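A quick write-up on the structure given underneath.
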Amino acid sequence: MITVNVDLGERAYPIHIGADLIGRTELFAPHIAGASVTIVTNTTVEPLYGDTLRAALAPLGKRVSTVVLPDGEAYKNWETLNLIFDGLLEQHADRKTTLIALGGGVIGDMTGFAAACYMRGVPFIQVPTTLLSQVDSSVGGKTGINHPLGKNMIGAFYQPQAVIADIGALSTLPDRELAAGVAEIVKTGAIADAAFFDWIEANVGALTRRDPDALAHAVKRSCEIKAGVVAADEREGGLRAILNFGHTFGHAIEAGLGYGEWLHGEAVGCGMVMAADLSVRTGHLDEASRARLCRVVEAAHLPTRAPDLGDARYVELMRVDKKAEAGAIKFILLKRFGETIITPAPDDAVLATLAATTR
């Protein structure tokens, strides 16, 4: 097992990475102070890992309840969030009740938001079971739900007590979900660590084949990078925005098609291709680097052509973005691997990118 620490002073927490961690009681024990625990999971993950987690919690002598939600991005909304609150209230959960998010990014985001809101804040633990949630969404305290007009526009910054990333859970992940997680790994290397990007380029096949050593290294390095960024800029005042490379275009794809039509990682993969194209058109990135990025995204079995939503619709959706200021769209663009710039882009360059990258 490897442990990466997120250094946030009194709110620091560990990220434990390794195989067969969901069943290890000692990883949960230090982070559960109250008398009760509520596991939040979904209809896909519950039959796979619910019993394992409950067995791990049993020696602690806590009252354990489970809320099982429908699976998918389409359910990341107020209605589903209220199912968590219903479960907490029915179980008479108090301020010391610990929530455990057992699932992918949707479960983690909603459980974290519920924890931030219930009784104005209760502790929670992330147990991410998808590659995307292990390398990205479970780390850093971003929680929330979608709105029909924008992705993740309603939420809170609220840090977990711990992240327990069980690499073994990736063995049950569908190929499409695995590829979606590789997208966030590619993003992390592209924005922050050129040497890591080189490694990803050389090992993308091993990642898609689920080589355990490759996956463990990718999760570890991605978490190290994100932990460093979050420690420096927890609330996305500046530096943390670089983690949104590919997300401005990607969120527009998700909202434009309807949440759940494309997986988040698929939209981010394609969004990185679009952002790299715009980086070249605005004079920040060389063509050879753009081509390298596109090849890696394609090798990860991710889409590289965006849906044709229409130029006006793309622009409209990208204006509903947390980085936008006074209606001006800000993009995370590449200067070289490991270095980004946060900047507006000329309308003609954006339109040219849309023309070149949509089908």
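Cβ coordinates come from backbone N, Cα and C, glycine included.
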Just to be sure I read the record right: His247, His264 are listed as binding Zn(2+) in Swiss-Prot. Which of Glu90, Glu184, Glu339 is listed for the same site? Glu184
Candidate binding-site residues Glu184, His247, His264, pick with smallest Cα gap to Glu73 (NAD(+) binding site): His264
Closest by Cα to Gly105 (NAD(+) binding site), out of the binding-site residues Glu184, His247, His264, is His264
Taking 8 Å from the centroid of the Cβ atoms of Glu184, His247, His264 as the cut-off, which other residues in that chain fall inside it around the Zn(2+) site? Leu132, Asp136, Ser137, Ala183, Lys187, Gly246, Gly250, Gly265, Ala267, Val268, Gly271
Out of these binding-site residues, Asp71, Ile107, Lys151, His247, which one has the fewest other C-beta atoms within 10 Å of its own C-beta? Asp71
Distance between Thr130 (NAD(+) binding site) and His264 (Zn(2+) binding site) at the Cα atoms, whole Å? 12
